[in-house]
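Engineer: Got a structure here, written out as structure tokens. Questions coming.
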Amino acid sequence: MSNNEQTLRFCSSAIMMRIKTPKNGRVRRELEKRAPKLVETGKKTLILQGTKTSGTLNGVLSEIYHLKKGGAVRFTRKNDNIRPFESGGEASLEFFSLKTDCSLFVYGSHSKKRPNNLVIGRMYDHHVYDLVEVGVENFKSIESFNYDKKMAPRVGSKPFIAFVGEGFENVDELKHLKEVLLDLLRGEVVENINLAGVDRAYVCTAISLNKVYLTHCALRLKKSGTVVPRMELVEVGPSMDLVVRRHRLPNEGLRKEAMRTAKDQPKKKVKNVSSDAIEGTIGKIYIPDQKVGDVALPNKAKGVKRERREAKKKEANERASKKQREESE
Amino acid sequence: MEMEMEMEMETQKPFQVDVGNLLAFNPFHNFSSLPTSRDELVKECLEEGTKLIQAVADGLFNLPSTEDVDGPLVKLPPPATKLPREKHLPKPKPPTKWEEFAKKKGITKRKKDKVVWDEQTGTWKRRFGYDRVHDDKDIPIIEAKMTDEPGEDPFAKRQDDKKKRVEKQEKNRLQNLKQAAKLGALPSHVQLAATALPITGTQAPPKKVTKDELGNVAGMAATSTASGGKFDRKLPGEKPAKKQGKHRKFLPVVEGSGIGSREKEQTDNVLNKLISKHSHEILNIGKAVTMYNVKKEKKARNRKNQEGKSSSTSNKLKPKKQLHKKAAKKGPESSKKRKAK
């Protein structure tokens, strides 16, 4: 981005300031996508790992990435300077979040004290907002499930999410985990949804005071008497037990600021677009006056060629007649 | 037993359903005793999940739907569960100095046409851009006024005035952006960057500090403290300062019995190098030979340049016979040189 900037130097009172604007339309659109919006659509997730990972943890991270294919970034190198729960160890995470524009992160690491550790965190303004640390047990990957492949959920479809258990209401840590999981599994926030396209569901059950069983299922809609079809769940995707280890709640001030919403503003009128009951959305396109006669023809039309042939013939005739005249003279 | 269960289910029916998020929460379920096998557990979880998702689907499929190409489209209600934002709310742009002035004076914006009628050529020309209406280069004659000085070029003066106006406009634009940046409402595609400190003396370009230099700055500043920065409190994640300068190794004050006399070794090494006790080991014969050859060739080349081409062939044909004798002679010579050093 730094190569495509237009710079304007100007010497102000004390400090020299420079206005940098993007020279490229593509860069400008990217910057606008990353700017803070009034109403937010989905958050992107950053998936990365620490110094050591185990086989199961690798599987977990790659499957989470697969589940969130459209809105996730996967880093494969090890990052030994990231320690989310320590005060100085978040700088690298915040830098990555800023550069990739991700507000959710999943950090996996494996050690003897905390085996198969997963830290799920959220960012506010690219600074760490809150963290939940869980351990993964009894992980079953997508490959280990047998199901009819035609029913497999498509990438990017909006999932149903179900939380079961009184633990999610009573236990502080599970309440926090519920909120974070909802944010992680939600996907894009959309206004309209196609009823034919709902095909996945996540089920999280609180098994005990600190354990949650999370599984990903495909949906089968079966005919029932009413408009509402009968739902059937078939386990397809990864299933794992999450054991809550540590968590950090956001401080009150930050939480209040992050939960603020703006009152709904009237939608900006889009120009040249109107909607009709019969035809739907209609757009108007203005084209300048086409001067059909003046445009140069790209392919030499046959007529043009014939003209040249005839002109040549005429010339030849004239020359011949001239010669005749000369001879006669 | 079944009746009891049914009654329990009915009284505990109220799941918390949030159709906007496609979310359902059952806060009343608990495992009174964990099922023995994993499969049983999974089955029970799926059953409970199915019930919840059925409840969400009930809400979802009963929404008014519009027909679309791919299938029925429903408009989701806004999500009920509030989740924290990922970025701060965008702040409204503060009015620029001109906008404030216009509001005070009551000046309204007027829509301008893209083309303007040009009297001079009698056509419609652009308001700005390539072939525009009031271009400076289209003016043939400028009439002199009484207030004009005699030696002044009015065309150059017009151009200078325009440049000054443009500069003033840019200054104002920068001030407006700075004001917006102060309030945190800079437009997303604009970045303000401070280039350098004000130019005081020479017009030197600002020196870019590298990452390594920045890391050493704290260490450099620490050496100016009384204790050399040894007891300064370090920030988390700060690396200890790298030692600058020569690395000197000092021998321990009190030597143990098993180490041997390291000091004696050290002094022996130094003395040997000075006196060259093992002088034949010091000399690198190969290097001496090449040095001699190079010197000789250089001399020959110089002579060739002075005399011409006649000496070159004779030099090449001459056998180099005195080489080894001179190498032997070089022994004591080189050691003498070392001594002198």
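Glycine is no exception: its Cβ is also placed from the backbone N, Cα and C atoms.
Predicted, not measured: the structure shown is a model, and the values here were computed from it.
Sharing the record's features from TrEMBL:
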- B:71-97: region 'Disordered' (REGION)
- B:143-173: region 'Disordered' (REGION)
- B:197-267: region 'Disordered' (REGION)
- B:218-229: compositional bias 'Low complexity' (COMPBIAS)
- B:230-241: compositional bias 'Basic and acidic residues' (COMPBIAS)
- B:287-341: region 'Disordered' (REGION)
- B:317-329: compositional bias 'Basic residues' (COMPBIAS)
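Can you tell me where each of these features sits in this structure?
Structural biologist: Cβ atoms under 8 Å from those of the region 'Disordered' (B:71-97) belong to residues 18-21, 23, 60, 63-65, 103, 172, 175-176, 179-180, 183-185, 187 of the same chain, restricted to positions at least 6 beyond its ends.
If you look at the region 'Disordered' (B:143-173), the same-chain residues 6 or more away from its ends with a CB under 8 A from one of its CBs are 97-98, 136.
Residue counts of the compositional bias 'Low complexity' (B:218-229) by helix, strand and coil are 5 helix, 0 strand, 7 coil (DSSP-based).
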